[in-house]
Every structure is written in C-alpha cells, then in structure tokens.
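> Pasting the relevant annotations from TrEMBL:
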TRANSMEM  7-29  transmembrane segment
TRANSMEM  44-63  transmembrane segment
TRANSMEM  75-96  transmembrane segment
TRANSMEM  116-134  transmembrane segment
TRANSMEM  146-163  transmembrane segment
TRANSMEM  169-189  transmembrane segment
REGION    199-222  region 'Disordered'
COMPBIAS  208-222  compositional bias 'Low complexity'
DOMAIN    261-462  domain 'Major facilitator superfamily (MFS) profile'
TRANSMEM  265-287  transmembrane segment
TRANSMEM  293-316  transmembrane segment
TRANSMEM  328-349  transmembrane segment
TRANSMEM  398-417  transmembrane segment
TRANSMEM  423-445  transmembrane segment
C-alpha cells in the first residue's frame, strides 16, 4: 500500500486489540460470575445489562468531551487504564466478601467502571480515530476493520485456552494483555490526518471524474484512487470546509438530531441494533435448546461468521463504490430478514437438518454486521458538522450498541421465555420490515420527484 502501509497497520492493530478486550472479558465474565461468584442467572443478566444502558450516557459524554478538547491520546490512554483497574477489581471480589448482596454491588461497580470509561474507547473512540487518521481516504474505513474479527477470534481462543490451563482467572490476564497492547498502539500512533494532495501528485479533478470512475475496476486494491469521486460527492464537502467552519457556542451532541434525515437515520440504527442484539444474545441458546445442535455445530458459528466478516470488511471499498452506505444498510436489513426466515424454516425440519441449515446461515452474519457497521459509521460521520464528528460516532454507538442492544437483549429474552423462539424471530422480521420502510421512504421520494432537477453529485448524497 505504498506510503500508507504504516498507518494502515496502526489502525488495524487498534481494531485487533480493542475488540480483543471485548472477546476476553464480556464473553467470559458471565462464566466467572456463575462458577466463581455463584451468582444466579437473573443477577448475571442484571450485571450484563449494565454495559449497554450505561453506554447510552457514556458514549455521548466522552465523544462530546473529545470534540471539545481533541485530546485523543490522553483520554483514550487514561480511560483504558481505568477500565483495566475496574475489570481487575472484579477479580478481587471473592477476596473481599462471600455475601451475595455485597458481591452483586461490588461486581456492578467494577462493571460500571468498564462501561463508563473503557467501553466508549473500544466502541466509539476507535472509529473516531480511524476517520481522523484516514482524512481524505474515508472510503478505506472498512479495510481497517478487518482487525475486528481477527482480534475477536484470537482473544476468544486465547482466553479459552489459558482458562483450561490455569482456571477462570486467566480471562483477567488476557484482558489486561490486550488492553496494554491497545494503550501502546495509541501511544505510538501518528494521529495526523492524511490528505490526498500530500499522497498523490496526480489527484482526481472534477473534469476527470468520469475517466476515474471508468478506470476504477483496473485499479489495485491498495490504490486510493478507486471510486473516490462518488464517495467525495457524498461527503457534503465536510473536510473541505473543516478549517472554515467554527464551532457554534451552543453546539452539542443533540445538534445532530436537528434535521429529520439524521433523526431518521439514528432511529433506524436503534431498530437494527435491537435486531442484531437479539440474534447475538440468543442464537447459541436457540441452536442448543430448539434445534438440538451439537457442541461442534455451535463451535462452527464463530469461524463461519468471522470468515465472511473479514471478506466483507476487506472488500468494503469496492462495496462502497457499488452501493453506497444507504443501499448497504438496505441490503443488511434484507439479509437479516432472510436469516431469521431460515431459523423459522429450520425449526420445521428434522433435527439434524434444521441444525445444519441454521449453522450455514451464520455465513450471513459477517455480511450483515460488516455492511451495517461500515455503512453506519461512514453515514454518521457524513451527516455531522466538522466540530461534531466524534459526537456523531458516540451517538451512533449509544443508539446501536447501547439503547438498541439493551432493549434487544431484554425484550428478546422476554419474548423467547414467554412465547418461544419462533415468535421472537417473527418479531425481528417485523422490525426489519418497519426499519426498511422508514429508511427508504425519503430515499425513494427524493429519487422519484427530484432526480430530474438534481445534479449527478446529488444522487450519491442519497
């Protein structure tokens, strides 16, 4: 990738180590609560729900603070260090008390520390830094996220392996390792935005836009020339006016909800966060309890999902050029509907056939998540003014990973327990149909009634 190789590696390492913190802590802490702290399932559910609901406040708070101070390194390093202490504090709870009530309070405090300080760094600030460093090359965002499935798979495997060797406390060592590596990466990473005029001597001009598009298929993957015209047109000239726009005195994260289009976008992300959270939270339980899948089949879910996720992130630049962020979200919505329909059909098949069918459907997970997150992160970055770029990522994470995910886990669990898995999947399908209708209503209205009077660049803004 020529001159860009160094910072490409740095951004990918951020994804590897940040997601590694989640794979080594959030996935395995419930087993620690159950096997070491002897907490009941309902108490574990309460503790687990702290993170998504606290993040509804922590994401907007920290990203707004980041917009005001621009102190990326200091905030990210200090917050990650506090999150390490918070998670390690949970490991000391058995030494402090054996009473269930006190244990619940102490563990909740440790979980709150991680949710308030660490989770915003992992989920929101990493994306803010990625867009900052990419500068004019935001179409390469998805390529940097290929580190996510790699970091997740590596951390889950390493944590499980070390827990077999030295016991349940191994998860804290692995989490600390990934968090320290994350801090080191932040400390050495160059946060200078990359500009095209600094990278390319022969940049694309408006007069040569058509040839650039026509030759995109012949460009190498590492080239930054592919499809840049269409993507830049969709950027509303935010970067060009960055130095010209001053932050209003009354600007806040809530300014992002001033327009109907942005309200529509964030509402859609709540629904998509809800739906994806239901699948992530209850798919393993559904496979075991309803389809009677073997442990080997359940174990295949991780590699199958990660394989397509890596591929889609890797080729996200080409997907951006073909579809654009809005159409990517539409495709992700219909893939989610298809996935849930497969689960419903699998329940009517013979035991082994249904389990294998649902296992194969996990290939859709990587496509759904990578397309959803790549498109949503880029879309939220574009609808925000330059002085609220970080806040936009915080609000996106608050509605998707926070409010949407929390409601999905709670309501999905209630429906599953009271009405069964089939009803739960039908509810997700219904929500995705509503989501698609809400998201496309203005899209098609603009395409039909304003296409004749719009300039070519207006099409890409849709």
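Each Cβ is built from the backbone N, Cα and C atoms, and glycine gets one as well.
Just so you know, TrEMBL annotations are computer predictions that nobody has curated.
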> Which range wins on Cβ pairs under 8 Å with the transmembrane segment (328-349): 44-63, 116-134, 265-287, 293-316?
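Per the Cβ count, the answer is 265-287.
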> Examine the transmembrane segment (293-316) against the transmembrane segment (398-417) and state whether at least 3 Cβ pairs sit under 8 A, considering only residue pairs 6 or more apart.
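Checked: the transmembrane segment (293-316) vs the transmembrane segment (398-417), no contact.
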> Using a threshold of three or more Cβ pairs below 8 Å, and leaving out pairs closer than 6 in sequence, do the transmembrane segment (116-134) and the transmembrane segment (7-29) count as in contact?
yes
> Hey, does the transmembrane segment (146-163) touch the transmembrane segment (116-134), meaning at least 3 C-beta pairs closer than 8 angstroms, sequence gap 6 or more?
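Between the transmembrane segment (116-134) and the transmembrane segment (146-163), contact is absent.
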> Go through 146-163, 169-189, 423-445 and flag the stretch with the largest number of C-beta pairs under 8 Å relative to the transmembrane segment (265-287).
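Ranked by Cβ pairs under 8 Å, first place goes to 423-445.
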> Over the domain 'Major facilitator superfamily (MFS) profile' (261-462), what is the model's mean pLDDT?
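Averaging the confidence scores along the domain 'Major facilitator superfamily (MFS) profile' (261-462) gives 81.
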> Among 44-63, 146-163, 169-189, 423-445, which stretch has the most Cβ pairs under 8 Å to the transmembrane segment (398-417)?
44-63
> Taking residues 6+ outside the transmembrane segment (146-163), which of them lie with a CB under 8 Å of any CB in it?
11-24, 27-28, 170-171, 173-175, 178, 302-303, 305-306, 309-310, 313-314, 366
> Using Cβ atoms and a strict cutoff of less than 8 Å, what residues sit near the transmembrane segment (44-63) while being 6 or more residues removed from its termini?
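Non-local partners: 26, 30, 33-34, 75, 79, 104, 107-108, 111-112, 114-117, 119-121, 123-125, 128, 253, 277, 390-395, 397-398, 401-403, 405-406, 409-410, 413.
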